[in-house]
There are 2 protein chains.
Amino acid sequence: MPDARFQPLPGFRDFAPADCAVRNYLFNAWKKVAHRYGFLEWEGPTVEATELYLKKSGGELPTQLFRFTDQGDRDITIRPELTASLGRIAAAYQREYTKPLKWFEIGSCFRYEKPQKGRLREFYQFNADILGEASAWADSELIALAIDCMRELGFTQNDFIVRVSDREAWIRFASEHGVQEQDIPAFLGIVDKFERDRPEECQRKLDAFHISRGDLVAFIENPPAGASERYDILMKDLTARGLDGYVKLDLSVVRGLAYYTGLVFEIFDTQRSLRAVAGGGRYDTLVGALSNNAVDMPATGFAMGDAVITHLIEQTPHARALKDAALASAGCDIFMVQASESRRAEVLAIVSALRDQGYSVDLPLTLTKVNGQLQKAVKSGARAALIVGDEFPVMELRDLGARTSSPVAMDDLFDAVASLTGSN
Amino acid sequence: MPDARFQPLPGFRDFAPADCAVRNYLFNAWKKVAHRYGFLEWEGPTVEATELYLKKSGGELPTQLFRFTDQGDRDITIRPELTASLGRIAAAYQREYTKPLKWFEIGSCFRYEKPQKGRLREFYQFNADILGEASAWADSELIALAIDCMRELGFTQNDFIVRVSDREAWIRFASEHGVQEQDIPAFLGIVDKFERDRPEECQRKLDAFHISRGDLVAFIENPPAGASERYDILMKDLTARGLDGYVKLDLSVVRGLAYYTGLVFEIFDTQRSLRAVAGGGRYDTLVGALSNNAVDMPATGFAMGDAVITHLIEQTPHARALKDAALASAGCDIFMVQASESRRAEVLAIVSALRDQGYSVDLPLTLTKVNGQLQKAVKSGARAALIVGDEFPVMELRDLGARTSSPVAMDDLFDAVASLTGSN
């Protein structure tokens, strides 16, 4: 247990090495899958002019900003999310890259919220976006990436579901039911709250539009064929990819933020025991809005935070086992044991030579008993211990996994180490 | 050129993918070497209570803080450096890890400074520290790591020098020259400014201690044998490691920050055309101070920022060539070309199968002419293009480097791709 006297600020986290290794396991999975999909990594500044977020925002975000005045009297904000910077940077650099831009980022985000399980004031977010392509094929590529991130972490069809919806289907529904264009955001707000509102509350809101809640329920539960042409194209694509089993149409998904324009989706654990693992969708007008209409780029993207997915890994036995196996091999290759005070120079020469070959090597930084050094070697998770003493140039190479030992001469050292660590 | 209308705040940077790849090249070098040295990665929060930095500080840091009051009325600071968090976290977790702790971090830091070449308001810092070990062997391990980070980036003995000094030697010098213990920080401040101050200015300051500048010069230029016992042990260790040629004793180095206690060092380019590339040293009392003396741990560490080292890579031809070669192989393995509208399902099935094998694959997200797709493939730096058209299950596999093409049947695809990309 960490010493409680030395805590970070509420809602902020310390990653001591064991926790940082879990974080890196997640980051590596995200990066690996993004790379397989041909996405390029980008990074924006951690602090932006507040104006950028206010231009984009919607929902409750403006009340949760870490917003300050800096020493130069600028109104600045520590980023609450990554898409605003993406829009700004994509607008700045779009001429230099072939479109569509397939870009991803992993970065810290900051929101002043009440800290609780799965909700932090600083959290990591993985964002993947495709800019400059309006087709449903782009949505298919993006959703396939999201699914493969889950698969990479060991999750199966039994563990999660991608709920896909289409705002355009709702916009058509609304206009068929007489909703005026300027009222559509308010109407979508009602759909967004549909699952959480009590039925009478929902109906009361719908009364303003002379629509019955029953019509909403029917549309969600039995979407008419062709309700969303884009969804049909998406499903054809995902079926050809072998990924259709991870997805279902669920028109109750609308997503709160005002800037979504088309297909939207959310990933949930199948038990729905946690908040959404990821969410995203099409935002064809955002880059235009962020650039004051100087640059117009259709776009689709999603974000996956680190907190919920980490909980889900922990509560899903096969995903947890996969993570534990990945972390178990984190110890160094060779732990040097200096059995004689006079052998310091030889120990150091061997350490340098092994490290130059790419091995991870630890060594004593003070002279202690051989047994103490060996205990440390075992505790550190090293694969092997190399004991250098008075018998040098003959040494002892100990396999700490198999608990076997063999003498090794200086001339045979590299071969012996390569065969023990499995690197040849 | 990026569009100048969409700029970040002054002193902050955008990393579009080409710039992010350079950043990642540097991060990967740091991580690789740290891993070879058996250092474990940790990460702290980006925001801490301001008090933590004021406890530690020294020098000009307090005037450069991004310091604010949050919505909960807390005095908070966006971190200007990483060592204060390290001290706090090491104190919290020290019982859970075997000592010495060999820990590293790569993180963003923030200082409100006048932006100029090599000085930014947000920059990355690589920190490596050894806590819980007071020996000079620990300093040797740390300085060897710093040298190997430079070597990993392609720098040679002709390109950089590690200037090592020892505050203890100066403390001894001071007391031999009658400086009272409480005046030693002021005296070290004079030594720290020795190179920058005009001689008369330096002598004027020294007058308070009745010391002549000539004595300082003599001590720096001809350090007496045994001036620093720790330096002698360090050099013996570095010689055994084959790294002594990168290091020289230079007593003019003191380093401004008040918390250093022993061996200190700085890395400079040999031309001294840039600011220090890295700097660090022993800070045996800092963890005690940060933890209100609850935890006492000797420590040694250094920091390397990303800005100066990136300039040095650019101005050093062989280091730049190494970087360029590493970045040149960044394109995806296979760029899919869909030559017939009817082959979408086959293209997608192949994409999924190749990605599941670990290949990086890009694909068309809209239907365009075959030539346009091939041009994109070449421009993206992909190694190969796979053309799927009406002749399916026979396809065309094009080696975009060698500019050769061959027909490939579906059954032979994996073998052909493996042999072309060199992954079998």
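Including glycine, each Cβ sits where the backbone N, Cα and C put it.
Counting every protein chain shown, the Cβ of B:Gln125 (L-histidine binding site) has 20 other Cβ atoms within 10 Å. Feature annotation from TrEMBL assigns L-histidine binding site to B:Glu81, B:Leu82, B:Thr83, B:Arg111, B:Gln125, B:Asp129, B:Arg255, B:Tyr259, B:Tyr260.
TrEMBL lists B:22-324 with the feature domain 'Aminoacyl-transfer RNA synthetases class-II family profile'.
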- line: Simplified to three states, DSSP reports B:Gln125 (L-histidine binding site) as strand
Field: Averaged pLDDT, computed only over the residues in the domain 'Aminoacyl-transfer RNA synthetases class-II family profile' (B:22-324)
entry: 94
Query: According to DSSP, which of helix, strand or coil covers B:Thr83 (L-histidine binding site)?
result: helix
Surrounding CB atoms that lie within 10 Å of the CB of B:Glu81 (L-histidine binding site), all protein chains: 20
